[in-house]
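The structure appears below as structure tokens.
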Amino acid sequence: MSPAWLRPRLRFCLFLLLLLLVPAARGCGPGRVVGSRRRPPRKLVPLAYKQFSPNVPEKTLGASGRYEGKIARSSERFKELTPNYNPDIIFKDEENTGADRLMTQRCKDRLNSLAISVMNQWPGVKLRVTEGWDEDGHHSEESLHYEGRAVDITTSDRDRNKYGLLARLAVEAGFDWVYYESKAHVHCSVKSEHSAAAKTGGCFPAGAQVRLENGERVALSAVKPGDRVLAMGEDGTPTFSDVLIFLDREPNRLRAFQVIETQDPPRRLALTPAHLLFIADNHTEPAAHFRATFASHVQPGQYVLVSGVPGLQPARVAAVSTHVALGSYAPLTRHGTLVVEDVVASCFAAVADHHLAQLAFWPLRLFPSLAWGSWTPSEGVHWYPQMLYRLGRLLLEESTFHPLGMSGAGS
């Protein structure tokens with residue numbers, strides 16, 4: 001058995017070994033490497049009866065989010081529902097109204113993905129939906145069935161011995177909350193289609209400003225890879241750092257942001273809840289000793305680092321609130337930090353360890369072609385952090401991750 005202090009290092013060595021294989025995997029596409037053995041598929045662990053995943057209540061931010069109100073055929077929100085005519089899914093449709101086929105696009109996407117998994121897992125068996133959108137009031141108050149955000153499912157052969165594994169397949173398909181609710185079915189639900197919580201990860205608003213090396217202040221939406229922006233070095237001093245890539249860039253997406261406001265000096269920074277921010281519990285802590293924590297964990301009375309004259313200085317958090325804004329940008333600098341709206345932040349999100357994240361991105365600093373390859377998207381989440389996030393889920397403890405996970409990573 002390895003000593004406790006060594007285990008994280010061993011995990012990280014596995015990280016680095018796998019990262020070395022990334023250029024070939026991305027450059028050559030799918031295919032078997034000569035002389036390699038096929039790895040057996042990852043063993044899926046069925047959910048136990050009455051188990052739910054994630055292990056939080058359904059209508060919380062870390063799962064499917066709050067109830068937003070019943071949708072009737074006559075309501076304005078009815079247009080949010082779309083029919084699902086997938087021939088690989090059997091809809092029970094007891095009401096003979098087609099209601100069970102109606103659902104949000106997010107729910108439809110997850111359900112279609114699950115249908116493929118079911119056929120692959122059990123040849124000749126299809127996914128069966130016993131309940132989708134409910135307009136008749138047959139469920140409990142504030143049920144997500146009333147919004148088309150929930151489905152109850154079985155397999156077409158109604159073999160109850162399959163339902164635990166069916167629930168696990170639903171988790172893998174990307175449903176935001178899965179509950180092995182009954183011996184007769186599995187309950188699955190998703191976040192609201194227009195809720196900013198349906199997309200998370202680590203970003204700043206499009207209009208958030210950074211300082212370039214020439215002294216100019218520009219919005220993140222105008223920053224380009226190769227620009228040098230104000231950041232913080234390992235020793236806690238201000239420095240200018242190269243922008244390598246955008247980990248996420250979505251100019252037309254509504255996002256929920258955590259707003260951190262300070263006093264003396266007054267600053268206001270908006271960033272997504274899963275993003276890392278440097279904090280301390282008192283103002284005497286040296287800048288290099290400020291610790292990284294998720295923005296959603298920051299409390300009034302704690303201290304963040306802000307740019308001042310000279311250098312960086314602590315500022316007391318006066319208020320924390322939430323705000324929804326259009327557009328989100330997440331640049332990665334060579335130092336792994338940046339100063340946004342005069343507040344020092346990490347470039348990383350979703351995982352609680354800033355230093356581990358910085359180490360995991362070393363290939364992008366050593367091999368620029370990884371950042372600039374033809375597979376780099378102009379919008380959306382860059383493939384590299386998505387790959388790291390999925391890999392980290394296999395190697396690191398669950399407590400290492402923010403419950404909201406990462407945008408576009410299937411979490």
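Cβ atoms here come from the backbone N, Cα and C positions, even for glycine.
Among the candidates E95, E142, the residue that Swiss-Prot annotates alongside E131, D134, D136 as binding Ca(2+) 2 is E95.
Candidate recorded positions: D136, H145, D152, H187, D248. Nearest to T130 (Ca(2+) 1 binding site) by Cα distance: D152. Here is what falls inside 10 Å of the CA of H145 (Zn(2+) binding site) among the recorded positions E131, D134, D248, N282: E131, D134.
The Ca(2+) 2 site, placed at the center of the C-beta atoms of E95, E131, D134, D136, has further neighbours from the same chain whose C-beta lies within 8 angstroms: E94, A99, D100, G132, W133, E135, H138, H139, H145. Long-range C-beta contacts of E95 (Ca(2+) 1 binding site), restricted to its own chain and to partners at least six residues apart, with a cutoff below 8 Å, comprise D136.
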